[in-house]
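Novice: Input: one structure, supplied below.
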Amino acid sequence: MKQRQFFGTDGIRGKVGAGKMTPELALKLGWAAGRVLSRAGTHKVIIGKDTRISGYLFESALEAGLSAAGLDVMLIGPMPTPAVAYLTRTFRAEAGIVISASHNPYYDNGIKFFYTDGSKLEDAVELEIEAELEKPLTCVESHLLGKVGRIDDAAGRYIEYCKSHFPAEQTLSGLKIVVDCAHGATYHIAPSVFKELGAEVIAIGDKPNGLNINDKVGATSMAKICETVLEENADLGIALDGDGDRIMMVNRHGRVIDGDEILYILACDAQKRGVLQGGVVGTLMSNLGLDLALQALDIPFVRSKVGDRYVMELLKEHDWKIGGENSGHILNLDHGTTGDGIVAGILVLAAMCRQSASLEELTAGITMLPQVLVNVRFEGADDPLSSEVVLAAKAEVEQKLGARGRVLLRKSGTEPLLRVMVEGDDRADVTQFANDIADAVRNLV
């Protein structure tokens, strides 16, 4: 299959005003996507965005391109990515578009697409859109132009949707929860959800200004929420990323509970209730500790390529329900078609209530092995995955680790980075091994 030039593992992403993320490309992309989607019978598209200041720019450009292709557009403003997926289904739109760079800084942005069922586009469809980008932009006749409207009650609809995943007979009364919204798309959603379910909520990262999304807050910057949980003597913390599709948690002692441990909690809870269908899908980055803990419970575990779209593919292939990434993308196909940080948090809280257990107790059966991830820029260098020097460094580390460790080298799908992951029993050794491989990559430049 031909390689994609614009789409990465999660849509199109980059620095605003440079490369892929320009207003000109967004206009053309809206038109190209509109042409491809219209051939499949699409007539209506929903557009949501996060809180980046550039969201206004790309929203207008996409809107114009889609209209030029003859598609109607419904705008919902700042809303989490999973909310766009949900609203795309409930409004019977044929596609949804999210303007977000997820956990990246404010000066980046991105564009990703959903089908009518809320699932992401396949690679083949993205290639069709890229083929249209090579053609000159045209416009349908005036009477065929798409119309544009706005959904004013989108936030309220999504809040009720999130709450519907919590058992009606349960309440969060008596729990104090710190909720970190990353100054992102969940700022007006997540605190309300958990308050309305009965919890005492302390919100942080809930004051976006267009420039502060993911800035020292959120699921990729956990120091602030860990500190706040301890200061407030809270029962737990829930950290979301800029577009609300990933979650990390914090127990009452200020320890981070990552996506692997959340998967373990959900799988154990489903098994206890007799509703676990098959096993669990993780990724190449999932901690070996998750694999071992699930083995102890006779729960099958398989690994996909990195990216929640590939987790979804394996879930469908095996007809399983639960999967995700250690970075906090959690999928439970009984509760939605895409990763949803708020809903994943609700499912963990439901398990706590059902079992009258704390986060510490729910994670007692899993021991995470030390895992170190080093990101190394290689822009302008030779392909590090083809370098004999880098491969030799990797082989040397693997020999030292033996059966109790792993090494994974993976290129980022959105940035010129090589991700060096090393896992083993001793953190000091693992850190040194990861840095040894990273140094081999740096020496290529």
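Note that Cβ sites are derived from N, Cα and C of the backbone, with glycine treated the same way.
Annotations for this protein, taken from Swiss-Prot, read as follows:
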ACT_SITE  Ser102  active site, phosphoserine intermediate
BINDING   Ser102, Asp241, Asp243, Asp245  Mg(2+) binding site
MOD_RES   Ser102  phosphoserine
Novice: Could you state the whole-number distance in Å separating the C-alpha atoms of Ser102 (active site, phosphoserine intermediate) and Asp245 (Mg(2+) binding site)?
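Specialist: Distance between the two Cα atoms comes out at 8 Å.
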Novice: Using DSSP and three states only, what is Asp241 (Mg(2+) binding site)?
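Specialist: For Asp241 (Mg(2+) binding site) - judged by DSSP and reduced to three states - the answer is coil.
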Novice: Below 8 Å Cβ to Cβ and six or more residues apart, same chain only. Which residues does that give for Asp241 (Mg(2+) binding site)?
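Specialist: Residues satisfying the criterion: Ser102, His103, Ala182, Gly184, Asn214, Gly218, Ala219, Thr220, Gly328, Gly341.
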Novice: Determine which residues of this chain, when Ser102, Asp241, Asp243, Asp245 are set aside, have a Cβ within 8 Å of the centroid of the Mg(2+) site's Cβ atoms, and list them as they appear in the sequence.
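Specialist: In sequence order, the nearby non-listed residues are Asp50, Pro80, Thr81, Ser100, His103, Gly184, Ala185, Ala219, Leu240, Gly242, Gly244, Arg246, Gly341.
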Novice: Far apart in sequence but close in space: which same-chain residues, 6 or more away, have a Cβ under 8 Å from Asp243 (Mg(2+) binding site)?
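Specialist: Once residues fewer than 6 apart are set aside, Asp243 (Mg(2+) binding site) is near Asp50, Pro80, Thr81, Val98, Ser100, Ser102, Gly184, Ala185.
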